[in-house]
């Protein structure tokens, strides 16, 4: 009976010890696998022979237009003395940000469309996320500064020249960059410390917080917290700009001169269109929380978010802007004359 009880105890020990050792081995294996994740794979891109080239050419043309249009806007404002005002200073900053903003994602998209290697290193992914969101937040801050500029110009025109001096414009721009590049830094630093396990496939066309965090060995509530932080940032900027424009519209409607109505509305219409375009695409992209879409619509929303505002901003600011059209015409006329003189 004693021998039987001892054997039974050994059997009990083994039944308790074996699962414990298995769990420890599983954790060690998982830990080893986590350290092996050195790159992420983009799973949303088609192969080159399955339609990748079909998407490559339109995206390349769109990227070329974004670079050319925003670069022309930036150069025209810098060289045109008549455009050296706070309004056009912020437009030139916005154009420069659009160039940098699209360059963080579109070149990698183009590479993935024609290459069989659709991967990005972990460090490269973190850098892409950092610059993409930093530039996006900076752009929203610049749009806020532009709304404040229009608010002062229309609601307090007599004090406008003494308030919106070049020094203040530079300070607002530097402050926008400071906020943009500082706010995202803690999140990127936190993500860089997370262990990644299991699949390394990112179900998106660029590195973004939610797709990357879904691959980490962490609780999903962290993803919800990050989403809530981003939503608060977006809503705060939106409210500041929206309230400014509501006040502007009230003041414009109170003007007695029809000419004053037309001039004020034409001045603010372009900025209001850019504001709605930017925050509309941001809202569709980030204020959906747990809502899910099909692969097609998810990709379409991401592409639209990346290219929509940068593509239309040069068109909006130059289409009905007399000063901008005249400045662009003078620039090209000067280039044409310089070319003839060179010949």
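A Cβ is built for glycine as well, from the same backbone N, Cα and C atoms used for every other residue.
Here's what Swiss-Prot has on this protein:
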type	residues	note
DISULFID	125-217	disulfide bond
CARBOHYD	33	N-linked glycosylation site
TOPO_DOM	1-53	topological domain 'Extracellular'
TOPO_DOM	75-82	topological domain 'Cytoplasmic'
TOPO_DOM	104-127	topological domain 'Extracellular'
TOPO_DOM	149-167	topological domain 'Cytoplasmic'
TOPO_DOM	189-224	topological domain 'Extracellular'
TOPO_DOM	245-264	topological domain 'Cytoplasmic'
TOPO_DOM	286-298	topological domain 'Extracellular'
TOPO_DOM	320-343	topological domain 'Cytoplasmic'
TRANSMEM	54-74	transmembrane segment
TRANSMEM	83-103	transmembrane segment
TRANSMEM	128-148	transmembrane segment
TRANSMEM	168-188	transmembrane segment
TRANSMEM	225-244	transmembrane segment
TRANSMEM	265-285	transmembrane segment
TRANSMEM	299-319	transmembrane segment
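Across all of the topological domain 'Extracellular' (1-53), the predicted model scores a mean pLDDT of 54. Cβ neighbour density within 10 Å is lowest for 217 among the disulfide-bonded residues 125, 217. DSSP classifies residue 217 (disulfide bond) as coil under the three-state reduction.
Counted over residue pairs separated by six or more positions, the transmembrane segment (128-148) shares at least 3 Cβ pairs under 8 angstroms with the transmembrane segment (265-285), which defines the two as touching. Residues 147, 150-151, 154-155, 272, 275 of the same chain sit 6 or more residues outside the topological domain 'Cytoplasmic' (245-264) yet have a Cβ under 8 Å from a Cβ within it. DSSP states for the topological domain 'Cytoplasmic' (75-82), grouped as helix (H, G, I), strand (E, B) and coil, give 7 helix, 0 strand, 1 coil.
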